[in-house]
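J.: This is the feature table in Swiss-Prot:
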type	residues	note
ACT_SITE	Lys166	active site, proton acceptor
ACT_SITE	His285	active site, proton acceptor
BINDING	Asn114, Thr164, Lys168, Arg286, His318, Ser370	substrate binding site
BINDING	Lys192, Asp194, Glu195	Mg(2+) binding site
MOD_RES	Lys5	N6,N6,N6-trimethyllysine
MOD_RES	Lys192	N6-carboxylysine
SITE	Lys325	site 'Transition state stabilizer'
Amino acid sequence: SVGFKAGVKDYKLTYYTPAYQTKDTDILAAFRVSPQPGVPPEEAGAAVAAESSTGTWTTVWTDGLTSLDRYKGRCYYIEPVAGEENQYIAYVAYPLDLFEEGSVTNMFTSIVGNVFGFKALRALRLEDLRIPTAYVKTFQGPPHGIQVERDKLNKYGRPLLGCTIKPKLGLSAKNYGRAVYECLRGGLDFTKDDENVNSQPFMRWRDRFVFCAEALYKAQAETGEIKGHYLNATAGTCEEMNKRAVFARELGVPIIMHDYLTGGFTANTSLAHYCRDNGLLLHIHRAMHAVIDRQKNHGIHFRVLAKALRMSGGDHIHSGTVVGKLEGEREITLGFVDLLRDDYIEKDRDRGIYFTQDWVSLPGVLPVASGGIHVWHMPALTEIFGDDSVLQFGGGTLGHPWGNAPGGVANRVALEACVQARNEGRDLAREGNEIIREASK
């Protein structure tokens, strides 16, 4: 007779293990599970653990050729979500051997690759991941990190200022370069290609790179400060992306840019390695993130995408504003901002942090506040984000009634006034408007 019984069996018999003690080397995941009516939460949690690790819908004889106990994911704890009906947080532990070293792509393919279409679930959201230090050490991470960036730019003790060039599509390369020059000349540290500026018929990438580099050097010579423009190297193929990065390096510019979700983690990690080897800073835009993270009960929370970016590599990443035109709750946003910047972050459920995360020596990433912010937000932004951040004003610079350079001046003056007021112990939340008014005289 055959040594196993064929047929369908409940996942929870194998994959729900409440007695399991998690290991320091396990990757831990917190899933928000919404089971279909009639499906018990233990079965739903176990199904997630199974389908994202070793399981399939039936017993197979080849299970006997390996040690499931060594390789299976385990749902080790389930708790109901307060205030929600039929929603649970299922905690799953994955043995480290299930994942390829240094590959965010493989990590996501395993953990979220297949399980989200699962029939037994009405919806599923990955809320957080604990990346064990043993796995963290297989990643290069950000090309340079916060301290090295400050040293390269020679800018300390304040947030950095950026601006996205608008209109984002339709300008010729020459006019685009002119706008870059005006903003940098006015006092900004950086200007930025919009995420969808790649290489279109009205402005090919090489022309844009050349005119922006010229603008950069002219502004640098006139202000005596180091300036940067995020040259978007995102392209249709990895080879083309690399070609653009190489050309940027030849021009001697300090920073380039990539859309990491649309470009993909594999391309992004390659680019991050190139940037470290060649002394380029890497600005990351999160285009497409809301497709994945906006639904409260389905998808992947942005804090997971932020952690993945820190592993894959980037020196800046857009992280919401708390005060502008795009969604983002203050405590939750500050939670993942700390996950980007700090070496060690304690578990804190009020800030959405489900696990203590130790990044060991992985460099930090500067959060970028961008989207519908303007000079009157400056006190709040300075207070919320602190010094290690990039504040980006697109329309908030180029929309200045006197033009781009005065827009840049206004932002720089407002920022320096806020930083000085904070250093003198003034209350930015209460006196913010007054501080800006005084500075603008």
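Just so you know, glycine gets a Cβ as well, placed from its N, Cα and C.
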J.: Using all protein chains shown, find which of the recorded positions His285, His318 scores highest when you count other CB atoms within 10 A of its CB.
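T.: The most densely surrounded of these recorded positions is His285.
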J.: Which of the three DSSP-derived classes (helix, strand, coil) applies to His318 (substrate binding site)?
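T.: The three-state answer is strand.
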J.: Helix, strand or coil at Arg286 (substrate binding site), per DSSP?
T.: coil
J.: Looking only at C-alpha atoms, tell me how far Arg286 (substrate binding site) is from Glu195 (Mg(2+) binding site), rounded to the nearest Å.
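T.: Computed Cα spacing between Arg286 (substrate binding site) and Glu195 (Mg(2+) binding site) is 9 Å.
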J.: Between Thr164 (substrate binding site) and Asp194 (Mg(2+) binding site), what is the CA-CA distance rounded to a whole number of Å?
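T.: So the alpha carbons of Thr164 (substrate binding site) and Asp194 (Mg(2+) binding site) sit roughly 6 Å from each other.
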J.: What is the interatomic distance between the Cα atoms of Lys192 (Mg(2+) binding site) and Lys166 (active site, proton acceptor), given in whole Å?
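T.: Just about 10 Å between their Cα atoms.
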J.: Out of Lys166, Lys168, Lys192, Arg286, give me whichever of these recorded positions has the highest number of other Cβ atoms within 10 Å.
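T.: Result of the Cβ crowding comparison: Lys192.
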J.: Calculate the distance in Å between the alpha carbons (Cα) of Asp194 (Mg(2+) binding site) and His318 (substrate binding site), and round it to a whole number.
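T.: So the Cα of His318 (substrate binding site) lies 12 Å away from that of Asp194 (Mg(2+) binding site).
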J.: Far apart in sequence but close in space: which same-chain residues, 6 or more away, have a Cβ under 8 Å from Asn114 (substrate binding site)?
T.: Glu51, Ser52
J.: Counting every protein chain present, what is the number of Cβ atoms, excluding its own, within 10 Å of the Cβ of Asp194 (Mg(2+) binding site)?
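T.: Other Cβ atoms within 10 Å of Asp194 (Mg(2+) binding site): 18.
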J.: Have a look at the recorded positions Lys166, Lys168, His285 and say which one has the shortest Cα distance to Glu195 (Mg(2+) binding site).
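T.: When the Cα distances are compared, His285 comes out closest.
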J.: Which are the residues of the chain, Lys192, Asp194, Glu195 excluded, whose CB is within 8 A of where the CB atoms of the Mg(2+) site average out, their centroid?
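T.: Leaving out the recorded residues gives Thr164, Ile165, Lys168, Asp193, Asn196, Val197, Tyr230, Asn232, Met257, His285.
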J.: Spatially, which candidate from the recorded positions His285, His318, Ser370 is nearest to Lys166 (active site, proton acceptor), comparing Cα atoms?
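T.: So, spelling it out, the nearest of the recorded positions is Ser370.
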J.: Would you count the other C-beta atoms found within 10 angstroms of the C-beta of Ser370 (substrate binding site) for me?
T.: 26
